[in-house]
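Engineer: So Swiss-Prot says this about it:
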| type | residues | note |
| --- | --- | --- |
| BINDING | ALA45, HIS46, GLY47, LYS48, SER49, THR50, ASN184, LYS185, ILE186, ASP187, SER219, ALA220, GLN221 | GTP binding site |
| DOMAIN | 33-241 | domain 'tr-type G' |
| REGION | 42-49 | region 'G1' |
| REGION | 70-74 | region 'G2' |
| REGION | 128-131 | region 'G3' |
| REGION | 184-187 | region 'G4' |
| REGION | 450-460 | region 'Interacts with cdc123' |
Amino acid sequence: MATKNKPNLSVQDVKLLNVNELTPLTPNVISRQATINIGTIGHVAHGKSTVVKAISGVLTVRFTSEFKRNITIKLGYANAKIYKCDNPQCERPGCYKSARSNTEDNPQCERPGCGGRMTLLRHVSFVDCPGHDVLMATMLNGAAVMDAALLLIAGNESCPQPQTSEHIAAIEIMNLKNIIILQNKIDLVKEAAAQEQYGQILKFIQGTIAENAPIIPISAQMKYNIDVICEYIVKKIPIPVRDFTSDPRMIVIRSFDVNKPGSRVDEIKGGVAGGSILKGVLKIGDEIEVRPGVISKELDGKIKCSPIFCRIISLFAEENELQYAVPGGLIGVGTKIDPTLCRADRLVGQVLGSVGKLPEIFVALEVNFFLLRRLLGVKSDGDKQSKVKKLSKEDTLMVNIGSTSTGCRVVAVKHDLAKLQLLTPVCSQEGEKIALSRRVDKNWRLIGWGEIKKGTVLTN
């Protein structure tokens, strides 16, 4: 069966699909689905969501509580297509343009008297992370799916602000090398102040993973220099290497119940899982498994996991219907799962993939860890508070593994090895990176990172 819902997008047909020939820039893939994930990171109220809106035309703030307080709370997401005009007389950066993901593949160039057609170069998915310090765990979950990051720094405040440094540390943990720095709100400051802050930014990024990142002055509200961001996304962010031939695996970062109250029984739809495919290709009709699935406690206190088995009945990338989905941008997977299991993000942190091909479910981990020297983003009187204390037995920490956040207890520590007993089981594998946070002044603070050496498998 082929997709036909949008006449101006290229048609996908599962029968003609050859996974060995797919690339992240295959035309009938990027016509409908984003294949590169870019995160927006930075301090609270520095304009992350506004930049995403300026590039993609999509407002990522979806919840009333987010509107009222003007902050992002859940992970926002939006897709955008990036085009370049095929007329050689069309000068850069104006020849680059971005549009919503359901825009046709070769629109007319909008510059007066140009007459060229736009060529689709990239289809990107923005993961809009919260900048608020209390929401650090949400930001780390988003970092798990990023290929690159836009670091926002507001031009009307000194640099660095607390969460700016905390987010830089987080992307160093995730080993995210492709970074573009945006000096936002440039319309609010005089030229001398902007130059002075440019110096502060250069000093701040020295010795960090963002050391050689380009710095672009922009105004997201006035849409000033947005075309330059598009050009830099195309030129500075390499196309990630993707694995299309392995068994599919996807991490879930959002999940929904799409039914309205009062629906008739025959109208009820199954739950929807949103996330990013790490490897392999998902197709409509595939039999899938979700792990760890439903977690329950027995009477004797033993934890039991029942993986969920179901079929894929629809695939979407924003408003675009898909017949198959590839690794990269965020997609929605419509399933036959009971909607109550998916509502209000209940499936977040689970792993979805081919039946019997997913990693083990662990209840305890042995990790090789590294601690930061001092706490980031904490304003303290002296040096005493901000130093990171060593891990000790019976410490309670929070671990982020992929898009899962769970509490854990330190059972044993020796040099840079620790054994962690998890509060809830996770589906993971050896070699996966994890982030560690500790509770400081009622908030979780990033204290270090580690790598899973081995795990204790859950026995049902």
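Cβ atoms are placed via backbone N, Cα and C, with glycine included.
These numbers come from a predicted model, not from an experiment.
Quick one: where do these features end up spatially?
Structural biologist: In the three-state DSSP scheme, GLN221 (GTP binding site) falls into the coil class. In sequence order, GLY47, THR50, ALA54, LYS185, ASP187 are the residues of the chain that are 6 or more apart from GLN221 (GTP binding site) and have a CB within less than 8 Å of its CB.
As a whole-number mean, the pLDDT of the domain 'tr-type G' (33-241) in this prediction is 78.
Look at the region 'G4' (184-187): DSSP puts its residues at 2 helix, 1 strand, 1 coil.
Beyond its flanks by at least six residues, the region 'Interacts with cdc123' (450-460) meets 292, 303-306, 360-370, 401, 417-418, 425, 428-434, 436 of its own chain at Cβ-Cβ distances under 8 Å.
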Engineer: Do you know which of the binding-site residues SER49, SER219 has the most other C-beta atoms within 10 angstroms of its C-beta?
Structural biologist: SER49
Engineer: Counting Cβ atoms within 10 Å across all protein chains shown, which of the binding-site residues GLY47, ASN184, ILE186 comes out on top?
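Structural biologist: Highest number of other Cβ atoms within 10 Å: ASN184.
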